[in-house]
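J.: OK, TrEMBL features for this one:
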type     : residues               : note
ACT_SITE : Thr190                 : active site, nucleophile
BINDING  : Thr153, Lys179, Thr190 : substrate binding site
Amino acid sequence: MKKITGGVTAAKGFEAAAAAAGIKYENRTDMALVYSVKPCKVAGTFTTNVVKAAPVKWDRRIVESKIKSQAVIINSGIANACTGEEGMHCCLETAKAAAEALEIPADGVLVGSTGVIGMQMPIEKLKKGIQILAKEKQSGAVAANAAAKAIMTTDTMEKEVAVTVEIGGKTVTIGGMAKGSGMIHPNMCTMLAFLTTDAVISRKALKAALCADVEETYNMISVDGDTSTNDTVLLLANGMAENPKIKEGTKEFEIFAEALHEVNETLAKKNGRRRRRRHSIVRSDGKRCRYERTGENTGKIRGLLQSDQSGDCRS
């Protein structure tokens, strides 16, 4: 396994972009696009909160319906949570605008939002932002980093990573970006992660790998014990690596799962590094984090990270 640069655009066929749409912030980017030139199989995990934001409901429908996707539109500043029917309508309008700008089917456009709860989205600003994203999208590390910065809210740094592994004589890449600083707790509260891979993999194997690993990475972080409405982890696979198809129960699946774990663990640890001077907790044994659970709410942690005033972590 090898770590490389490129984040969400490291895998073949993926592009990204950022835009300053003025959703809530001024003088900074607040919208991001992750795009694949080919339709992707999608796996996802979502918040366990009883109250679920409109983007969570929208994305769950796509994942559960096994619809392929080519784009994720993300905004920071407003969460589109507790917004009723208008919030769902905003997701629909976002998907339609992205579909038109990118010339892709609307029913597979995924959305993600993070920010203030209870505020309605300024849909016209979203649409203008989408036009910018569609024009600016490109491959490469610069675009990936710009997208990672655009999804930040109270985060003190962007979080991204990518790795490559050999599967069946082909190089398979997994990359990703995440945000999460204010409300992270076991079961992923207020944590967004967007993962991309060019692996050829069955939908069942994709789901199994993601669901198992989320339990051992993002669900093992606690920043301030709060829960959220918007937790989302999405994994898109476009198959452009042209490796032999990965299926559950095979050596190839284990290699893929190991690489996915490296990406998720790296992002999860970065999400534990923030500047609120409270405890942030990450399970880590210094090797591979296939942990034994010793309790639902206690005994989950091998390492305790505590941030100082500078935002750096010490063990």
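Even glycines carry a Cβ here, placed using N, Cα and C.
No curator has checked TrEMBL annotations; they are predicted automatically.
Describe the structural context of these features.
T.: The Cβ of Lys179 (substrate binding site) has Ser76, Thr114, Ala148, Ile151, Met152, Thr153, Asp155, Lys159, Met191, Leu192, Asn271 as same-chain neighbours under 8 Å, each 6 or more residues away in sequence.
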J.: Other than its own, how many Cβ atoms are within 10 Å of the Cβ belonging to Thr153 (substrate binding site)?
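T.: Its Cβ shell of radius 10 Å holds 19 other Cβ atoms.
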